[in-house]
Amino acid sequence: MDPLQEANGTFALNLLKILGEDSSKNVFLSPMSISSALAMVFMGAKGTTASQMAQALALDKCSGNGGGDVHQGFQSLLTEVNKTGTQYLLRTANRLFGDKTCDLLASFKDSCLKFYEAELEELDFQGATEESRQHINTWVAKKTEDKIKEVLSPGTVNSDTSLVLVNAIYFKGNWEKQFNKEHTREMPFKVSKNEEKPVQMMFKKSTFKMTYIGEIFTKILLLPYVSSELNMIIMLPDEHVELSTVEKEVTYEKFIEWTRLDKMDEEEVEVFLPKFKLEENYNMNDALYKLGMTDAFGGRADFSGMSSKQGLFLSKVVHKAFVEVNEEGTEAAAATAGMMTVRCMRFTPRFCADHPFLFFIHHVKTNGILFCGRFSSP
């Protein structure tokens, strides 16, 4: 297995577990865009700061810790994922904003552009705090086709802010096999043993790849997007099994093993999947701190590969991701749906996502987890 791919996959599942500690909350993030944004900052880190970042990003498995091969790996990964001519739309806004007193090194700026196609921008956080915040928000909105606004809420930056890493991503893809809007109807979603909430449930009967993992009592369904460059992978535990059991068990190695296409049966399935829209905003500082990246956010930070200025540290790492799942695919215009009853033939297997599940948007060629999330409640 490619070491960078393994590092990114490990980091993805670690983050999913940390951000999902409150099991009642929905979770949605793009681990690949977070790791690429942080890897860019990692280029400027030295000493303990660098080794902690390598550990948090699971890059300690990659040779030449901090060496060029990691950044070259990200360069080819990002080129592949963001390439033009795909049947899906992916818009990433990745930028490091530094206070104009930071004096960022030209060599660091060049590397960011070369490997991450990211420009750095120097703002006046000290003198024009609010203007700087609004400037960042406007830039992100423009980069994500106005889907992601207000990435920085009021008060998130102040006159002491020195470095802000902003990462926002917006994805739009159509299902290879679309759901018929006329089959969408209201059904109860079992939030917990004692609570139900109504949800607009989509329905599709067709052939899909599906498997059952006995050790965790979980069905796994694969829903391909048009041209099959990306798949949505849904992990749905049996009704008597808590989703947290699955979350505890899943590692990147198991994820790859469980979702191997040659291990899945292609069969006719009745799929019930809720329509949902999630927009999640994370201040990543706490999660990264829990993964061992402690020095980067305070006075002990060493970013001498980025600037010769002493005392430079990362003030904020913010991540915002948006997903909408509907009949056409992911993110499309809303439509009203007629009511219809679905007659169920007994012998067709069912995949009925009417209780909490995990979902992943998986990039087939690179085996990368572009997005991952948990749908706990409508």
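The backbone N, Cα and C atoms fix where each Cβ goes, and this holds for glycine too.
According to DSSP, Met1 (N-acetylmethionine) sits in a coil region rather than a helix or strand. The number of other CB atoms found within 10 A of the CB of Met1 (N-acetylmethionine), across every protein chain shown, is 11. According to Swiss-Prot, the feature N-acetylmethionine maps to Met1.
The feature phosphoserine is assigned by Swiss-Prot to Ser153, with similarity to another entry given as support. Counting every protein chain shown, the number of other Cβ atoms lying within 10 Å of the Cβ of Ser153 (phosphoserine) is 12.
If you look up Swiss-Prot, you'll see Lys197 marked as N6-acetyllysine, on the strength of a large-scale study or a structure entry. Secondary structure from DSSP puts Lys197 (N6-acetyllysine) in a beta strand. Sequence-distant neighbours of Lys197 (N6-acetyllysine) (same chain, 6+ residues apart, CB-CB distance under 8 A): Pro188, Phe189, Val191, Ser377, Pro378.
In the three-state DSSP scheme, Ser153 (phosphoserine) falls into the coil class.
On the backbone, the CA of Met1 (N-acetylmethionine) and the CA of Ser153 (phosphoserine) stand 40 Å apart.
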